[in-house]
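Chemist: This structure is in structure tokens; I'll ask about it shortly.
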Ligand SMILES: *Cc1c(COP(=O)(O)O)cnc(C)c1O
């Protein structure tokens, strides 16, 4: 392994690294597809993703990590759409999963089981069984109770499970509190002290091969400072374990790399991220795993929505869209900013700018995409694109207010493909029944 050595391989294609919002506002075109025509056929709200942009990101990260014995395990929860997973599987990606459902998604998309790592603070026995039966590569363990469960399930199945201890390095990821996971007070992982005791008595769990370390300090990191800090603590701990004679085959540094949600915002590059990993772990002779989610897919997607109406309140002007918090939860849940681009309307010239509260139809005040946002004056029926919605968008969508799940499409070189059709009302209601059949448990 070349620690800190030269980057090998040819540079990745950088033809379309990200969406051009000015072009979108001027032409209403994304990857050669006219979004007005697309919305007329497929309806709104509609998630629109560029597979080329996802591929470009994946290859850029791969390239940045060249020279390290590194694997990329895409965090399925960011966007678990089958077509997205198939695309990444074809690129050779593994997966980071957090449930039995995500295990099924990853396997069905063709991601090799040995490239799957299973994270999460509360895995059920059934999920552990299913993952062992499938042959997942590694369990990222977050508690002693979970280590015990893995031991007993592996024993019962007559197999040896590979596992990493998820350590909580106790650093402040300097991100939104709800997506910060690496402080001592968060529910995730165990302290370095506790992990040390697991390794020291590893023979107590003979059917678990505890030979890895894992961390994930938070999401949407726009500064690499916390990452440097956490990596340094991880590296120190790894050296201590090795010096004590423990086996260490894998260090998983988690995900969290941030993206640009707002024009002018600066996110770390893949090169800077890889340099931080090289700096801290270049000496390590085992495998290094990274678990990016958001960084691979967020900027490759937009949520296309139609303006239902404009409403002038006593003090505020509202733009009511047909998309709502059930389709894209991030603004409600995290106060997240998403750039919003009104698409051009035939025959209208440049519009005056207006401060809008951009809201959805759901019966919650929190159903707000933006507050006092300066936008060109919009009209009913006009389309708007909510940018950087490829991650934690569709995957967090719900049926709240009995709104069917939105459709999702890929766009590429002037063509589109539906990758999830719009949920029908019957599908939404399926499974519910009247109380005709009372019975005892
Ligand atoms: C959510 C999560 C990720 C991905 O986080 P991003 O911020 O989307 O990169 C990676 N690893 C674990 C354990 C996670 O929970």
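In case you wondered, yes, glycine gets a Cβ from its N, Cα and C as well.
TrEMBL annotations: computationally assigned, not manually curated.
The model shown is predicted, which means the values in this text are computed figures rather than measured ones.
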Chemist: Would you identify which residue of 256, 349, 360, 431 TrEMBL lists as part of the pyridoxal 5'-phosphate site it also attributes to 291, 292, 293, 294, 392?
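Modeler: For pyridoxal 5'-phosphate, TrEMBL names 291, 292, 293, 294, 392; of 256, 349, 360, 431, the listed one is 256.
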Chemist: Over all shown protein chains, what is the count of other CB atoms within 10 A of the CB belonging to residue 291 (pyridoxal 5'-phosphate binding site)?
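Modeler: Total other Cβ atoms inside 10 Å, all chains included: 26.
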Chemist: I'd like to know the mean pLDDT over the domain 'Orn/DAP/Arg decarboxylase 2 C-terminal' (47-390).
Modeler: 96
Chemist: What recorded positions in the list 291, 363, 364 lie within 10 angstroms of residue 77 (N6-(pyridoxal phosphate)lysine), counting C-alpha atoms?
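Modeler: Near residue 77 (N6-(pyridoxal phosphate)lysine), where near means Cα within 10 Å, there are no recorded positions at all.
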Chemist: Could you measure between residue 293 (pyridoxal 5'-phosphate binding site) and residue 334 (substrate binding site) for me? Cα positions, answer in whole angstrom.
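Modeler: With the alpha carbons as reference points, the distance is 17 Å.
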Chemist: Record lists 294, 330, 334, 364, 392 as binding substrate; longest Cα-Cα distance in Å?
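Modeler: Farthest-apart Cα atoms in 294, 330, 334, 364, 392 are separated by 27 Å.
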Chemist: Consider only the recorded positions 291, 292, 294, 363, 364: which of them have a Cβ under 6 Å from an atom of ligand 1? Write none if no residue does.
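Modeler: Only 291, 292, 294 qualify.
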Chemist: If you compare CA-to-CA distances from residue 334 (substrate binding site) to each of the recorded positions 291, 292, 294, 363, which comes out shortest?
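Modeler: For residue 334 (substrate binding site), the spatially nearest of the recorded positions is 294.
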